[in-house]
Amino acid sequence: MGGVPWKRVELAALVVYALGFYLDVIRRSLRLSHDYSGRLYGLRPGSLAGHLNDLSDAQWRNFRGNLPILTVVMGAFLTLVNTLRYCYGLKGRGTALLWLILSLSYLCYLHGACVVFILLIALINYSIVKVFAHYKYCTSLIWSFNLSVLILNRVYEGYSFSLFGQNLAFLDNYRGTFRWHICFNFVVLRMISFGCDYCWTINSSHFDYKKHMQRCQVCYSGKTCYFSLQERGLSVDRYSFVMYLCYLTYAPLYIAGPIVGYNAFAAQLEVPQKNYSFAQISWYGLRWILNFLLMEGMTHFFHYNAFVVSRLWQQLSPFEIFIISYGVLNFMWLKFFLIWRYFRFWSLVGGVEAPENMPRCINNCHDLESFWKSWHASFNRWLVRYLYIPLGGSRRKLLSIWVIFTFVAVWHDLEWKLVSWAWLTCLFFIPEILVKSLSNNFQASSSFGMLVHREFKAIAGAVTISCLMVANLVGYVVGPSGIKVLISKMVGKDALPALAFIFTTFYVGVKLMFHIRDASKNQG
């Protein structure tokens, strides 16, 4: 009990520091956005207090601009599917066929004649899986084919019909409104998921559901958790071509995910998800609206991304560069949070539960492992199941992270800045893995030892956040070409006080995260 008052005093001091820091960041951000507004690219007339709106990010601009038509499509599709499912008792194959028809019409609007490429590649992948499923090298063949498709799609920019003969060149005038090979990155993940799930089902299904149910509160309560749906194999007839195509093109998750495994998807077409009630889904949608309003406020008052697009960061002081990069990370987090939750909401109403992509705020992660488990979490789950575990899991962790992050970079795009980001992340990951291994073996036997251990973890967390900031600065702000300029700004004597303040702030942030974790444990 003697330690409780001390922790409360520490918590109060940390909160006061954090409030002061954020007030200073907000003040400086408002000044920067105001002073440079005439030189920033991507600003549009806004609707809040006469402020310009930062729409310099193409992905956010397109999503925001197409939100009305997307919502109309979502409403029409869900009304039709749920009505027919209720009236005719559709399950499994019937539901898959209905969603397939609707999804293909959706794809025809998005990609026009390029839907032919999607269907052709999907057919080849399906044939490979079905023909070679009984062979040991089947999963390697599936991966090789899909990696080749991923790279060729980028190299040839989605292919031109004229490549296959001048008689087909006229089809290049009907390529739709959205580049098909961008969305196809997600289709590649689904094709790999289908192939591996099918191969593992017919060759070995070792998931112990009874043992899992004893440890899982969701399954023990009578519901079925996503992990169980993903790991349990299906009957062979459930891996049909109609179900497969429905999985690849499923409209709610087609454009951006979240990524759901084939087993989990097919199981929920048979029996719709019951983990979320109508009230919970409604509250989920309302929270999305509130977060969208938050984003509108952010882009109207803080033009972080426009600084990156305009490359004006080079004219800023070291602390101002930190503010812009920190702001960009928060903007990116909120952008993906809104995009992914919108499509997840659509899928939930349709009866398919997909993993939550942003289960934790970006400002509540103090190590790389927890960061990646909370950023695009469904992709993280996919990587663990289809890449990390087949590569050897924790036994070969130091080697497998290089393969995984290189794949993540190539999957996003064929750009050196992304490969640089991936390899920097791996370099920073290695010390964390080693330190965690040592820390887990350390057992503090006294109050002083526990205090030292906690402080050591806080300092290590601050170092990790610093490394994460550097990796993301290179990947998303300055790029490989801007590293020299960034280093020249950060090694000067004038930069040392700013760097010390930033590191202290990270340390305070990690200590606050510890208090949040402690409070969560006490409530649990």
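A Cβ is built for glycine as well, from the same backbone N, Cα and C atoms used for every other residue.
What TrEMBL lists as transmembrane segment is 6-23 (among others).
Annotation source TrEMBL lists transmembrane segment at 67-84 (among others). Residues 90, 95, 98-99, 102, 106, 251-252, 342, 346, 349-351 of the same chain, all 6+ positions outside the transmembrane segment (67-84), place their C-beta atoms under 8 angstroms from a C-beta of that stretch.
The feature transmembrane segment is assigned by TrEMBL to 96-123 (among others). Counting only same-chain residues 6+ beyond the ends of the transmembrane segment (96-123), those with a CB under 8 A from a CB of the stretch are 73, 77, 80-81, 84-85, 90, 149, 158-159, 161, 171, 174-180, 183-184, 187, 191, 242-246, 248-251, 254-255, 266, 269, 350.
Annotation source TrEMBL lists transmembrane segment at 135-156 (among others). Residues 121, 124-125, 128-129, 163, 181, 184-185, 188, 191-192, 195-196, 199, 390, 410-411, 413-414 of the same chain sit 6 or more residues outside the transmembrane segment (135-156) yet have a Cβ under 8 Å from a Cβ within it.
Through the fold, the transmembrane segment (241-265) approaches residues 73-74, 77, 92-93, 96-97, 99-100, 102-104, 106-107, 110, 118-119, 122, 126, 178, 183, 186-187, 189-191, 193-194, 197-198, 201, 226, 229-234, 339-340, 343-344, 346-347, 350, 352-357, 377-379, 381-382, 385 of its own chain, all at least 6 residues removed from its boundaries and within a Cβ separation under 8 Å. As annotated by TrEMBL, transmembrane segment applies to 241-265 (among others).
For 286-307 (among others), the entry in TrEMBL reads transmembrane segment. Sequence-distant contacts of the transmembrane segment (286-307) (same chain, at least 6 residues past either end, Cβ-Cβ under 8 Å): 29-30, 32-33, 36-37, 40-43, 46-49, 51-57, 60, 313, 316, 324, 327-328, 330-331, 334-335, 337-338, 341-342, 345.
Note on the transmembrane segment (319-338): residues 25, 28-29, 32, 57, 59-60, 63, 288, 291-292, 294-295, 298-299, 302, 304-305, 307-308, 313, 357-358, 361-363, 375-376, 469, 472-473, 476-477, 486, 489, 498, 501-502 of its chain, located 6 or more positions outside it, place their CB under 8 angstroms from a CB of the stretch. Residues or ranges marked as transmembrane segment by TrEMBL: 319-338 (among others).
Summarising the annotation, TrEMBL assigns transmembrane segment to 398-414 (among others).
TrEMBL lists 420-438 (among others) with the feature transmembrane segment. Packing against the transmembrane segment (420-438) from elsewhere in the chain are residues 367-369, 397-398, 401-402, 405-406, 408-409, 460, 464, 467-468, 470-472, 474-476, 480: each is 6 or more residues past its ends and has a CB under 8 Å from a CB in it.
Sequence annotations record features per position, and here TrEMBL assigns transmembrane segment to 459-483 (among others).
What TrEMBL records for 495-514 (among others) is transmembrane segment. For the transmembrane segment (495-514), the list of distant contacts is 10-11, 14-15, 17-18, 21, 317-319, 322, 363-366, 454, 457-459, 461-462, 465-466, 489: same-chain residues at least six beyond its ends, Cβ to Cβ under 8 Å.
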